[in-house]
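Participant: Have a look at this one.
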Amino acid sequence: MFDHIDNLEKEWRSLQPLESGAKKILDKKFRLEFNYNSNHLEGNTLTYGETELLLIFDDTMGNHTMREYEEMKAHDVAFQMVEESAKDKERPLTEQFIKNLNEILLVRPFWKDAITPNGDNTRRRISVGNYKEFPNSVRLANGEIFEYASPTDTPMEMQELIEWYNSEEGALYPVTLAAMLHYKFVRIHPFDDGNGRVSRLLLNYVLLRNGLPPVIIKSSDKANYLRVLHLADIGDYEPFIAYIAEQLEWSLNIAIKAAKGESIEEEGDIDKEISLLKKNLVGKNKQRAHIGTPNDILRILSVSGITLFEKLIKTLSQFDDLFHTAERRYIFSEKNSPSYDIQKRAGGRMVVETVDLKTWLEAHKEFNIQRFGMEFNWEGYKLLPPKLNFRVYVFFNFEKYFYSIERVTTYDGLDHYLENHYDDQLSMDDIRFTVNDISKTAIKYIEENHYDDNE
């Protein structure tokens, strides 16, 4: 079962240590994937893009409860705590560590719907970081009640779980150990809430402790995840262990690609484009628009602007070695002043690309900015025809009640991508869609105008 895992692990270890830039990209990927999916499995409604905005930029968008934002950030803290603890090989796993994870995850006490031992609906105050005081049975899809460990038995069973883990660590294959710790913990269900999230944190604690990347249980695969857990409930553990091994293969492949300097972004999915379309259609009907202020513009450019420009540079710079000259610069225009003319390269005001944009924006926040963007200019095509030159200008256009992302080129005019109210940053789906579309039009232009000597 584990031969392929062993081969991938050997390749992964042979690529250590990672170059710092690759490690940063990989850590961010796993951080976002794990936080988003583990919370989404439990009903959190933040999108992947909203999760990235919250955890990376400490900003929010969307119509969600405060608790959803708090629990997403708390889950991120708990994951970092697991990463740090896994590094300390001298520190054994303890009940107190697990209680601390639950306390961090749940943030503070709250009220939640529950089921009485008789199967009646009720409400119960959920404490954090303490073992359950009442039975926490669940009603299955067929209407039957599934029983976990009783509150009386929970302390003893948790003590036995820790003793089992510490005795098997180093003896069992890491994937088997991680999967069985996850399952045994879920079977006890020691807390009033947060058991699923804690179980997946413990799963990754074991893998990280053994030098392996974290496993991501995809929320889109929830049905299969629950199916193999239910098989384990009747004593058939192999499917669950195999399922965890399969997810580890995905993580190892991602990690190996990152270590080799390859892209690990999963872009272009049609569901992301549909999500973007729905977001924009809903956005047009919002009744909460307000007049944009200079501070709004500064906030949008400092977060969404910097992110968009960084991703554009990373992607479009791949065209640079096809040309003798490749240059980039920021260009902006103020209200009531001439806008930039890409054909004439006139109008607007230039800011060199090497400037620290966030610092520059803070220092010039008194400017009454109408448009702010980045121009990409390529000249002297190295193949044929040598006069194939082109420019792309991607910019934020700030109107009274909204801002938009637009693109103008020397070859096909103006494209209008999306509109947002000033309350909303761009989502990562917005940014990926924009960067992908701009890249595709540039590729198409080069392909249509390139020719060989023999043609």
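Yeah, the Cβs are placed from backbone N, Cα and C, and that goes for glycine too.
Not my notes, these are from TrEMBL:
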SITE      E42  site 'Important for autoinhibition of adenylyltransferase activity'
DOMAIN    93-246  domain 'Fido'
ACT_SITE  H189  active site
BINDING   D193, G194, N195, G196, R197, V198, S199, R200  ATP binding site
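Would you situate these features in the structure and describe their surroundings?
Facilitator: Taking Cβ-Cβ distances under 8 Å and a sequence separation of 6 or more, the neighbours of E42 (site 'Important for autoinhibition of adenylyltransferase activity') in its chain are G196, R197. In the three-state DSSP assignment, the secondary structure recorded for E42 (site 'Important for autoinhibition of adenylyltransferase activity') is coil.
Mean pLDDT across the domain 'Fido' (93-246) comes to 91 in this model.
Secondary structure at H189 (active site), taken from DSSP and collapsed to helix, strand or coil, is coil. Counting Cβ atoms from all protein chains shown, H189 (active site) has 23 others lying within 10 Å of its own Cβ.
All protein chains considered, the CB of G196 (ATP binding site) has 19 other CB atoms within 10 Å.
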Participant: Which residues, sitting 6 or more apart from D193 (ATP binding site) on the same chain, put a CB under 8 Å from its CB?
Facilitator: L106, K112, I126
Participant: Using C-alpha atoms only, work out the spacing between S199 (ATP binding site) and H189 (active site) and round it to an integer in Å.
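Facilitator: Between the Cα atoms of S199 (ATP binding site) and H189 (active site), the distance comes to 9 Å.
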Participant: Using Cβ-Cβ distances, find the residues under 8 Å from G194 (ATP binding site) that belong to the same chain and are at least 6 apart in sequence, listing them in sequence order.
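Facilitator: Listed in sequence order: N102, L105, L106.
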Participant: Cα-Cα separation of V198 (ATP binding site) and H189 (active site), in Å?
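Facilitator: Between the Cα atoms of V198 (ATP binding site) and H189 (active site), the distance comes to 10 Å.
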Participant: From the Cα of H189 (active site) across to the Cα of R200 (ATP binding site), what is the distance in angstrom?
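Facilitator: A Cα-Cα distance of 13 Å.
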Participant: Long-range same-chain neighbours of N195 (ATP binding site), Cβ under 8 Å, sequence gap at least 6?
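Facilitator: Once residues fewer than 6 apart are set aside, N195 (ATP binding site) is near F185, V186, H189.
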Participant: Using the centroid of the Cβ atoms of D193, G194, N195, G196, R197, V198, S199, R200 as reference, list every other same-chain residue with Cβ within 8 Å of it (recorded ATP site), in sequence order.
Facilitator: E42, N102, L105, V186, F191, L201
